[in-house]
Structure formats: structure tokens, C-alpha cells
Amino acid sequence: MQWTSLLLLAGLFSLSQAQYEDDPHWWFHYLRSQQSTYYDPYDPYPYETYEPYPYGVDEGPAYTYGSPSPPDPRDCPQECDCPPNFPTAMYCDNRNLKYLPFVPSRMKYVYFQNNQITSIQEGVFDNATGLLWIALHGNQITSDKVGRKVFSKLRHLERLYLDHNNLTRMPGPLPRSLRELHLDHNQISRVPNNALEGLENLTALYLQHNEIQEVGSSMRGLRSLILLDLSYNHLRKVPDGLPSALEQLYMEHNNVYTVPDSYFRGAPKLLYVRLSHNSLTNNGLASNTFNSSSLLELDLSYNQLQKIPPVNTNLENLYLQGNRINEFSISSFCTVVDVVNFSKLQVLRLDGNEIKRSAMPADAPLCLRLASLIEI
């Protein structure tokens with residue numbers, strides 16, 4: 001029964017190929033005819049309908065009937081709001097504050113974003129050691145005015161928002177309980193090897209839009225890290241080792257020119273890698289660099305590649321637009337081409353290269369039979 005199905009599949013393929021043998025581009029016409037939605041060829045991620053980095057801050061647990069009586073609102077600083085229906089939340093955002101006010105001990109969620117705060121003085125949170133979230137993004141905080149131990153007593157802190165400030169170095173020490181750390185849109189130039197030491201519970205680290213030139217081995221101890229964003233920096237090298245739990249790595253818009261052989265094997269759960277707008281060449285990539293069975297999406301667009309690097313057959317989305325690729329090698333996708341061995345690739349972007357449609361091998365439709373979008 002199995003051989004009958006295989007022979008039937010092969011026969012259908014031969015029949016389809018013979019039917020369109022007068023049109024060398026029949027496969028492209030077929031793929032376009034199957035697209036049911038509008039496609040923008042300049043959109044690097046045409047199927048991505050969500051914001052890559054959703055930015056929302058919860059408002060904390062609400063007071064419900066039957067709970068203990070709400071606390072006395074008189075302990076709330078006059079510069080802020082402490083609504084009775086959110087008894088553990090203090091809202092001090094968008095008030096032109098230049099300093100951090102007193103924080104009552106009952107607070108777990110404090111919001112100081114979008115003010116003119118320049119410093120985080122030592123001891124400012126010592127009265128509220130049960131804090132879970134601190135939002136300080138969108139201020140004018142500088143590194144020399146952040147108390148060195150200002151966060152050390154917050155043993156329950158889970159989320160810290162310090163993005164969109166004027167920080168030039170990593171804050172610390174930070175509590176081990178931290179799960180999300182937002183330091184993007186600052187002026188940080190390096191990440192010392194011990195800057196993130198002990199943060200074994202950290203799942204998301206946002207360092208995009210800084211001036212980072214080196215991260216060294218600072219990421220190795222982050223055994224729970226799932227998302228790492230280092231995009232829009234000045235990195236010339238990838239980090240020395242990746243956390244084993246990592247699923248999303250964003251390093252677009254840097255100066256990376258090489259990726260070591262088998263680099264991603266240390267992150268067996270990695271799903272998404274974005275290395276667009278770097279300085280990658282084929283000489284800087286080994287043959288097994290991207291042959292990771294877990295990868296679903298790989299973005300190498302706008303680099304200096306001349307050949308398609310070999311990828312694993314499990315890859316679903318490959319973005320190579322804006323390079324210097326001048327040949328189409330089917331072996332980059334399928335080491336063996338037949339009716340039972342094929343790539344799972346669905347989206348392939350090759351537009352903006354030096355390759356022509358006529359370079360497409362005759363056996364490409366058999367290898368890339370699951371593709372729904374191919375742009376050349």
C-alpha cells in the first residue's frame with residue numbers, strides 16, 4: 001500500500017510537470033494562485049500579525065467582596081493615586097515627577113513611568129520589600145545616580161522596567177527572583193560577565209537599542225531565559241554560548257560577521273533567530289551553523305551572503321532578501337531529493353538578490369513541496 005501511494009505521488013508530480021513544461025515558471029504561478037491574502041513583497045515578515053514585543057503592564061489584583069477591608073488611602077503619597085479597588089498598586093506615572101516618592105509597605109505594583117526622574121536613591125524601596133513589579137521606563141535616570149543596592153532587598157521582584165532612560169551600564173546587583181528585565185533604549189555599552197549572575201529565574205531580557213559592543217559569556221548562567229533581544233546594537237560577535245532554554249534570539253541590526261560552527265546546538269529549544277542587517281558572509285558561516293532541527297524561522301536578510309546556507313529540513317520560514325546570492329542550490333534545503341524526503345519550508349524570500357527565476361532547479365518543487373510563498 002505504501003509503495004502504491006509513493007508511485008501515485010511520483011506520477012502526479014511527473015504529470016503536473018509535463019502539463020506545464022512549456023512554462024518554465026509554472027511553479028511560481030501556481031504558488032501565487034494559492035495566496036488568498038494580499039502580500040507585500042517589502043514586508044520582511046508577511047505572516048506576522050502581532051507586535052513582536054507587546055508592551056503592557058497589568059494593574060494588579062483587584063479588591064473583591066469578602067476580602068479584608070481596603071487599606072487607609074491616607075498612606076498614599078499625594079503625588080500618586082492608590083485606588084481602593086487595586087489596594088496593592090500605586091500609580092505615579094505621567095506627573096512630571098523629578099524624584100521617587102515614599103512607597104507604602106503594602107504595595108506590590110508601582111508605576112513611575114514617563115516622568116522626569118533622574119535618580120533611584122538608596123533605600124527608596126526598603127519599606128516595600130514585597131514589590132513584584134517596578135515600572136520606571138521613560139524617565140531620565142543615569143547610572144551614576146542609581147543606588148548600588150537599591151534592588152537587593154526586593155526578594156520577590158519579578159519585573160523591572162528601566163527602558164527608555166539614560167543608563168550607560170548594567171544595574172546591579174539584581175534580585176534572583178527577577179523574571180523580566182527591560183533595559184532597552186538606553187546607552188549601555190557592554191555587559192560584564194558577572195552582570196547577570198544569579199538570575200536563574202530570568203525568562204526575558206530586553207537589551208535592544210543600546211550601544212553594546214560585547215556581551216562575552218554573561219548569558220550562560222541564565223538557565224531559564226526564553227527570549228533574548230540584542231538587536232540594534234554594535235555587536236561584532238554573537239554571545240559566548242546561549243542559554244539551553246532559549247527559544248527566541250533577536251540580533252538584527254548589528255555588525256556580526258561570523259557565527260561559529262554548531263553554535264545553536266547549545267540551545268536545543270531555539271525556534272526563532274533574527275540576524276538581518278548584519279555583516280555576515282559565507283566565509284563566516286560553517287556548513288552546520290544553521291542545521292538546527294528545532295529552528296522554525298531564520299532571518300538572514302540584508303547581509304552579504306552569496307550562497308544559500310544549508311538549513312535543516314524542519315525550518316518553515318527563511319528570509320534571505322537583500323543579499324548577493326547568485327545561485328540556487330537545492331542541497332541547501334534537501335540533501336536527498338525524492339518523494340519521501342522533502343523540506344518543511346513554507347516561506348522563502350530571495351528577492352533583492354542576484355539570482356533569477358531561471359536558476360531554479362527542476363527538482364525544486366519536489367523538495368519544497370510545502371512552500372506557499374517563494375519570492376525571487
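Glycine is no exception: its Cβ is also placed from the backbone N, Cα and C atoms.
Between CYS367 and the candidates CYS92, CYS334, Swiss-Prot records the disulphide bond with CYS334. Note on GLN19, GLN187, GLN213: Swiss-Prot annotates pyrrolidone carboxylic acid at GLN19; no matching annotation appears for the rest, which is not proof of its absence. Computed over the domain 'LRRNT' (67-105), the whole-number mean pLDDT of the model equals 88. Here the repeat 'LRR 5' (201-222) has Cβ contacts under 8 Å with residues 53, 163, 176-195, 228-237, 239-243, 250 of the same chain, all six or more residues outside its ends.
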